[in-house]
Amino acid sequence: MNPALVLPIVLPLLSGTLSLVLWRSRRMQRLIAVLGTLALLVSGVRLLGLVSRDGIQVLQVGGWQAPFGISLVADVLGAIMVVLTGIIGLAVAIYSLATTGRGHEAFGYFPLMHLLLAGVAGAFLTGDIFNLYVWFEVMLVASFALLILGSERPQMEGAIKYVTLNLVSSVIFLVAVGLLYSLVGSLNMADIAQRLTRLEDRRLVDALAMMFMVAFGIKAAAFPLFFWLPASYHTPPVAVSALFAGLLTKVGVYALYRVFTLIFHHSPGYTHEILLWGAGLTMLCGVLGAAAQHEFRRILSFHIVSQIGYMMLGLALFTPLAIIGGVFYIIHHIIVKTNLFLVSGIVHRLRGSYQLKRLGGLYREHPWLAILFLIPALSLAGMPPLSGFFAKFIVIRAGIEAEAYGVTFIALLVGLLTLYSMVKIWSEVFWKPLPEEGESDDRQPPARRELWLMAAPALGLALCTLFIGLNAGPIHALAEASAAQLLAPEHYIEAVLGETGGGS
Amino acid sequence: MEAVLAIAIGVLFAAAIYMMLRRSIVKLVIGLMLLSNAANLLIFTMAGLTRGAPPLVPEGMSAPAGPVADPLPQALVLTAIVIAFGVLSFAVVLVRRAWEIVRTDDLNRMKDTDT
């Protein structure tokens, strides 16, 4: 029995329940939001320490033996993702103390946030494919409600696209799970992997792999099914945008990594080739979409899509170096992208707009904010010595070593276009003088405390980026450890099934 | 029996996709409902249909005697039904809310809401 594995799931659920119980007390809900996410972060760090010291951790829930019960499994990748969930959860919780209005809190913002974090952590830790579906749904239901929080007019169209596409993806996932069960007769991922290698009638396997790829691809916002993301991410309150941008699509990417290293790794010539094309087109479409936008959060949303391509590229190349790069990229991207959304929220609070043409002159007034934007922006574009440089460097080097020159070229080009987008935001929002439209500025300037609550998480995440960039060694070692585990699924299978003497 | 169910599932999927491709949001939600039902029925059928053999362990034995129906897909379907119920109720509320705000059921006319 290993309680460290359940804590990252139970703690947010508990905080969510407590917030529901204390529904009337706004003060307590805020306190629980910060303490709960802090506890999640601590439990995640503890789990990561445990996993990197003692290897893969397994918990058979309810004491049922491995292929029959539900297993919770934490390998290095899962533990890293839980730590990142904690970091983003904490940053967004502090940030939303200042940005979430009374109305949004009255609709249950904080309980929903905890539920979302529980769903995300559950998806990262489960070792059962149907359980993964259930955690996906937990996460989705919470995200649906968060997305239309306040139900304003612009939110409706995005919400309908988001709900429809995600439901379709869930159904595809569910059908694929059903077909997989009929094929191998198990739902435990380790057991599935083992039985699938022994399967003789392999006609359905590639088709199933494609169904999983489509289902997770929609959730990860990969080409060609990414359009729900830029349609919806710029509409909710900014703290929600930041939370979604950091975590939701990455759950899809994580699921792709898990399924295509553990279960469907037998015919990489077919599945990973398709992933490779998907990755290239995802990068290109995302970045070209961003180049055409003139709204702060929309540009950032399109860049999520393009960055997803890099992570998929790491998986698609399927060499040790590429997987290291992909994992490094996920770590870097979650922190940087949330940070950029947080900065966009501060800009909005100061100026009252996300439209680039209405913004300007912020460098003169708030140089600290400009620096706060510049760090994650340059990191996103891949400037040394920030975290993005190493992430891109490893992925691109892996691409060259694997002789996938076309996709590598696209990756380099996309890096350049990312820089263009970031420079566009920089010059429009911070450098150019404030346009003289004479808008009646009747908004109150934010109080010092409010501004601090917004700036502190952004600063913390910027420091994380700097830390990863200047101190890439330990992070690289972590990514290397998780890549080693991902490419040797025997250990995962042994850890899950072995201790019960199973392996039917 | 499997053949009949297979055809029914195919028809359900086809109907669901047809409904989802319409412009009306209400029909979109109906399509989603049909889609989730088709998926549930598919899981139910995929595991094989066994009639009149409940998976019960007779007294004094540790395993059921003879071939029995697989209870697991039914548990899966049950979970999926509950989840689909929750999610689809949300979708229905969303459609109503969208109609209250935008006063249209036509997805094409919703395009200008988000500027």
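Using the three backbone atoms N, Cα and C, a Cβ is placed for every residue, glycine included.
Taken straight from TrEMBL:
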- A:128-416: domain 'NADH:quinone oxidoreductase/Mrp antiporter transmembrane' (DOMAIN)
- A:6-23: transmembrane segment (TRANSMEM)
- A:30-48: transmembrane segment (TRANSMEM)
- A:68-95: transmembrane segment (TRANSMEM)
- A:107-126: transmembrane segment (TRANSMEM)
- A:132-150: transmembrane segment (TRANSMEM)
- A:162-184: transmembrane segment (TRANSMEM)
- A:238-259: transmembrane segment (TRANSMEM)
- A:274-292: transmembrane segment (TRANSMEM)
- A:313-335: transmembrane segment (TRANSMEM)
- A:368-390: transmembrane segment (TRANSMEM)
- A:402-423: transmembrane segment (TRANSMEM)
- A:451-470: transmembrane segment (TRANSMEM)
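Only sequence-distant pairs (6 or more apart) were considered; of these, fewer than three Cβ pairs between the transmembrane segment (A:238-259) and the transmembrane segment (A:402-423) are under 8 A, so the stretches are not in contact. Residues 303, 307, 328, 331-332, 335-337, 339-340, 343, 346-347, 350, 362, 415, 418-419, 422, 425-426, 429-430, 455, 458-459, 461-462, 464-466, 468-470, 472, 475-476 of the same chain lie 6 or more positions beyond the ends of the transmembrane segment (A:368-390) yet place their CB under 8 Å from a CB of it. Remark: the transmembrane segment (A:402-423) contacts the transmembrane segment (A:274-292), by the rule of 3 or more CB pairs under 8 A. A Cβ distance under 8 Å defines the sequence-distant neighbours of the transmembrane segment (A:162-184), meaning residues of its chain 6+ beyond its ends; these are 129-130, 133, 136-137, 140, 143-144, 147, 191-192, 195-196, 199, 204-205, 208, 211-212, 214-216, 218-219, 225, 228, 231-232.
Among the stretches A:6-23, A:30-48, A:107-126, A:313-335, A:451-470, the one making the largest number of Cβ pairs under 8 Å with the transmembrane segment (A:274-292) is A:313-335. Distant neighbours of the transmembrane segment (A:107-126): 5, 8-9, 12-13, 15-17, 19-20, 23, 29-30, 32-33, 36-37, 40, 44, 70-74, 78, 81-82, 85, 89, 92-93, 96, 100, 132, 134-143, 145-146, 149-150, 237, 243, 247-248, 251, 254-255; these residues of the same chain sit at least 6 beyond its ends, with a Cβ under 8 Å from one of its Cβ atoms. Across A:30-48, A:68-95, A:451-470, stretch A:68-95 shows the highest tally of CB pairs under 8 A with the transmembrane segment (A:313-335).
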